[in-house]
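*Asks:* Quick one: this structure, given as structure tokens, is what I'll be asking you about.
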């Protein structure tokens, strides 16, 4: 390792005094001007990780649904998954190390993680459309080059596209071609194969309005348009030419405010959807004839996909285990519908995509979505192999056709991470195949009224939880208080958890009416405020 070069380049990317950042579920996020030293050092870390696992590692410069002034960076592991937890700690140590400690911290990481510095290193880089992203990408490249790593800069890509590319590269092309064209071809081919089976004639175009949050999704959808069949007419709004990224638009805005984004004119019963800033989340919505807004979030997306998969998994007559993974934020009626009506097992895990992804890997087919619209479907290697084998060898026509549908679904889904483009095509294909309108999809079950609140407390860490964050362990007496409050209302539940990103405690409550959900949330937040501040 050339420590003189490291010293020289590190001085060009100085760390602001007193700044401490933590690598979280979404990597590092902060105001863009605070991140130059962090992204340079993540370039260094990506090289070390690549040498440690002898594989290509990804680095994405994005802050997703955050305001345009923010930015962030996260690393992608060899199969397109999130960075291994042990390396999250190394990332935090490296980002926070003072200039004079940098060499020592890198040496320690190499020792702890058994990094062979003589091995080659390869890193894929991508970035979103923020004004700060190009310069920060260059700082990543500086970090990679100091440690002698090779890199391929994909430039402007969605976060899921970079995850996809990394997986393709490390599976020697088995997952697909590590190019944008390869991504577009694989998804569009699978999509066209699927909708061939639908009863829609070429005349009845399926119009869809897409709010792209003034982000990267608009650019990439425009590139992909020529690959789509004529039956699908997508109309792109908030394409980034007029307004700021994520400003009054995007999946997060629509979900939190329960209203349509700015810049999109909705007519009654039109199907619309929103991506977030880096296109890894999606939510659907429509307005009814009375002008009421209806949100179709991640819970209903998971339900629609589960209905389709359950039907075709039953037809191939294999003993595949299908399950849905949710968090405590999933609406109670979605859980009831999946378990009681569809008879699909549901598992609840802690908030954060990495927890859902990890749990979903335990099943032959694991569907996971957060309520915010971030999610995907995972097929085990054994299930995928068996399905592809049935397509080739099965003599029974019905079984073979069902296996073909599942095979196309496997190819259409981006199994590395939640992907708004891929999820949108999955949803559009299922709606076409089942002949469902957006209203019929929405009517599968009715969401229980709910309310999400934030409470400022002196120290959010006094709240400790268990049972996938559904019950509070500390402060003493809080859970008993919540239990007593919940008993006052019908079909109710409530839980509290410390935020992973802000110094607040989040309160979630649901009940039979909006009035009761609001009242319960308010009462629980008062209990949190008093009990948390007594400690």
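Glycine is no exception: its Cβ is also placed from the backbone N, Cα and C atoms.
Note: TrEMBL annotation is automatic and uncurated.
Reproduced below are the annotations present in TrEMBL:
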type	residues	note
ACT_SITE	64	active site, phosphoserine intermediate
BINDING	64, 276, 278, 280	Mg(2+) binding site
BINDING	370, 371, 372, 497, 498, 499, 500, 501, 506	substrate binding site
COILED	388-415	coiled coil
DOMAIN	52-100	domain 'Alpha-D-phosphohexomutase alpha/beta/alpha'
DOMAIN	104-166	domain 'Alpha-D-phosphohexomutase alpha/beta/alpha'
DOMAIN	178-283	domain 'Phosphoacetylglucosamine mutase AMG1'
DOMAIN	297-435	domain 'Phosphoacetylglucosamine mutase AMG1'
DOMAIN	452-525	domain 'Alpha-D-phosphohexomutase C-terminal'
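Can you walk me through where each of these features ends up in the structure?
*Replies:* Residue 280 (Mg(2+) binding site) counts 32 other C-beta atoms within 10 Å of its own C-beta, drawing on all protein chains shown.
Sequence-distant neighbours of residue 506 (substrate binding site): residues of the same chain at least 6 apart with a C-beta under 8 Å from its C-beta are 452, 453, 454, 496, 497, 498, 499.
Secondary structure by DSSP for the domain 'Alpha-D-phosphohexomutase alpha/beta/alpha' (52-100): 16 helix, 14 strand, 19 coil.
Counting residue by residue with DSSP, the domain 'Alpha-D-phosphohexomutase alpha/beta/alpha' (104-166) contains 31 helix, 13 strand, 19 coil.
Each residue of the domain 'Phosphoacetylglucosamine mutase AMG1' (297-435) gets a DSSP state, and the totals for helix, strand and coil are 80 helix, 20 strand, 39 coil.
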*Asks:* When only pairs 6 or more apart in sequence are counted, do the domain 'Alpha-D-phosphohexomutase alpha/beta/alpha' (52-100) and the domain 'Alpha-D-phosphohexomutase C-terminal' (452-525) reach 3 or more Cβ pairs under 8 Å?
*Replies:* no
*Asks:* With CB pairs under 8 Å as the measure, which of the listed stretches 104-166, 178-283, 297-435 comes out on top against the domain 'Alpha-D-phosphohexomutase C-terminal' (452-525)?
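*Replies:* It is 297-435, which has the most Cβ pairs under 8 Å.
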*Asks:* Within 8 Å of the Cβ centroid of the Mg(2+) site residues 64, 276, 278, 280, which other residues of the same chain have their Cβ?
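*Replies:* Apart from 64, 276, 278, 280, the close residues are 62, 65, 128, 158, 159, 215, 251, 275, 277, 279, 281, 374, 420.
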*Asks:* If you count other Cβ atoms within 10 Å of each one's Cβ, which of the binding-site residues 498, 500 has the most?
*Replies:* 498
*Asks:* Whole-number Å only: compute the distance from the Cα of residue 372 (substrate binding site) to the Cα of residue 278 (Mg(2+) binding site).
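*Replies:* A Cα-Cα distance of 14 Å.
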*Asks:* Ranking the binding-site residues 276, 370 by other Cβ atoms within 10 Å, which is at the bottom?
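*Replies:* Counting other Cβ atoms within 10 Å of each of the binding-site residues 276, 370, the minimum falls on 370.
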*Asks:* Which recorded positions from the set 64, 370, 500 come within 10 angstroms of residue 278 (Mg(2+) binding site), judged by C-alpha positions?
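*Replies:* Taking 64, 370, 500 one by one, the ones whose Cα falls within 10 Å of residue 278 (Mg(2+) binding site) are 64.
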